[in-house]
Amino acid sequence: MITVGVLGAHGRMGSEACAAVEGAEDLELVASVDIGDDREALRAADVVVDFTHPSAVADNLRWCVDAGRHVVVGTSGVGHELLDEVRGRLQPGQGVLVVPNFGIGAVLMMRFAAQAARFFDSVEVVELHHPRKADAPSGTATRTAQMIAAARAEAGLGPGPDATTHDPDGARGATVDGIPVHAVRMAGLVAHQEVLLGTEGETFTIRHDSLHRSSFMPGVLLACRKVAEHPGLTVGLDAFLDLD
Ligand SMILES: NC(=O)C1=CN([C@@H]2O[C@H](COP(=O)(O)OP(=O)(O)OC[C@H]3O[C@@H](n4cnc5c(N)ncnc54)[C@H](OP(=O)(O)O)[C@@H]3O)[C@@H](O)[C@H]2O)C=CC1
Ligand SMILES: O=C(O)C1=N[C@H](C(=O)O)C[C@H](O)C1
């Protein structure tokens, strides 16, 4: 039996994760912690799962690592600096898994986007989410853009063609590692993303839709089961899936 604690337990993802853990025969939910609660309860957990807020995740992650817990981070907004710091804080045998998106389709979308990126002149990312989301661009879009940029750099490709010289309102969107990223917030949506690729006479669109937060739960449970078997810091669920 693997014991699990959830941070952000009252939130949209945290509550879903608590229910999923409670429904799994090989996992036991031993701590449900939300804002204002004492994190000490998490010491009873082999694995702590964080679904809190981009402004809270760094402090939580430091606390969990220093408490010697294995950690699964679902919260968005974990940047390179924090990853480097965490790597240096880890104790031998301790596993931390940071997952921009637990959906299997989203993991594949990111992979396929990176695979396709070198074959097209242009590539842009459009992420679409529910309007209660705190951060933009999404963690998934950021990770996708980073993977695309790395693949293009490896192939010796730079940014896509773009004649824009006048964009006073930022209509061309943000850029992540040089890749344009656009964020839509709209009532009725959950979590969606399109990767648009184009070259002479041809376009290619990769789209993923999470229609319900249950889509993330198989990935969350897999992460809880496997994180202790992967000591060190891992980014992305890919490493825990047999994708090749
Ligand atoms: N990796 C993935 O596959 C997915 C990741 N996410 C990410 O997960 C995060 C949470 O999303 P979501 O569940 O929709 O957000 P919610 O706002 O619904 O839930 C967050 C919960 O965490 C609580 N909280 C905030 N700060 C702390 C803290 N310091 N300690 C403990 N609890 C805290 C909030 O309390 P209060 O409301 O009182 O502030 C709230 O109950 C986001 O970063 C989101 O992007 C979401 C979906 C999938
Ligand atoms: O806030 C959300 O809802 C989601 N957040 C994650 C992100 O920022 O990528 C994952 C998914 O997109 C849902």
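Each Cβ is built from the backbone N, Cα and C atoms, and glycine gets one as well.
Here's what TrEMBL has on this protein:
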{"type": "DOMAIN", "residues": "2-102", "note": "domain 'Dihydrodipicolinate reductase N-terminal'"}
{"type": "BINDING", "residues": "Gly8, Ala9, His10, Gly11, Arg12, Met13, Asp38, Gly74, Thr75, Ser76, Val99, Pro100, Asn101, Phe102", "note": "NAD(+) binding site"}
{"type": "BINDING", "residues": "Arg39", "note": "NADP(+) binding site"}
{"type": "DOMAIN", "residues": "105-240", "note": "domain 'Dihydrodipicolinate reductase C-terminal'"}
{"type": "BINDING", "residues": "His130, Gly139, Thr140", "note": "(S)-2,3,4,5-tetrahydrodipicolinate binding site"}
{"type": "ACT_SITE", "residues": "Lys133", "note": "active site, proton donor"}
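Projection of TrEMBL feature records onto the structure.
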residue: Gly8; record: NAD(+) binding site; CB count, 10 Å: 25
residue: His10; record: NAD(+) binding site; CB count, 10 Å: 13
residue: Arg12; record: NAD(+) binding site; CB count, 10 Å: 14
residue: Asp38; record: NAD(+) binding site; CB count, 10 Å: 8
residue: Arg39; record: NADP(+) binding site; CB count, 10 Å: 16
residue: Thr75; record: NAD(+) binding site; CB count, 10 Å: 28
residue: Val99; record: NAD(+) binding site; CB count, 10 Å: 29
residue: His130; record: (S)-2,3,4,5-tetrahydrodipicolinate binding site; CB count, 10 Å: 14
residue: Lys133; record: active site, proton donor; CB count, 10 Å: 16
residue: Thr140; record: (S)-2,3,4,5-tetrahydrodipicolinate binding site; CB count, 10 Å: 25
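With a CB cut-off of under 6 A applied against ligand 1, the binding-site residues Arg12, Val99, His130 are reduced to Arg12, Val99. Gly139 ((S)-2,3,4,5-tetrahydrodipicolinate binding site) has a Cβ environment of 20 other Cβ atoms inside 10 Å.
Excluding His130, Gly139, Thr140, which define the (S)-2,3,4,5-tetrahydrodipicolinate site, the same chain contributes Ser76, Pro100, Asn101, Glu127, His129, Lys133, Asp135, Ser138, Ala141, Ala191, Gln193 within 8 Å (Cβ to the Cβ centroid), listed in sequence order. A 10 Å cutoff on Cβ-Cβ distances gives Asn101 (NAD(+) binding site) a total of 27 other Cβ atoms nearby, all chains included.
DSSP assigns Arg12 (NAD(+) binding site) to a helix. In three-state terms derived from DSSP, His130 ((S)-2,3,4,5-tetrahydrodipicolinate binding site) belongs to neither a helical nor a strand segment and is classed as coil. Each residue in the domain 'Dihydrodipicolinate reductase N-terminal' (2-102) gets a DSSP state, and the totals come to 37 helix, 25 strand, 39 coil. Checking the binding-site residues Arg12, Arg39, Val99, Thr140 against ligand 2, the ones with a C-beta less than 6 Å from an atom of that molecule are Thr140.
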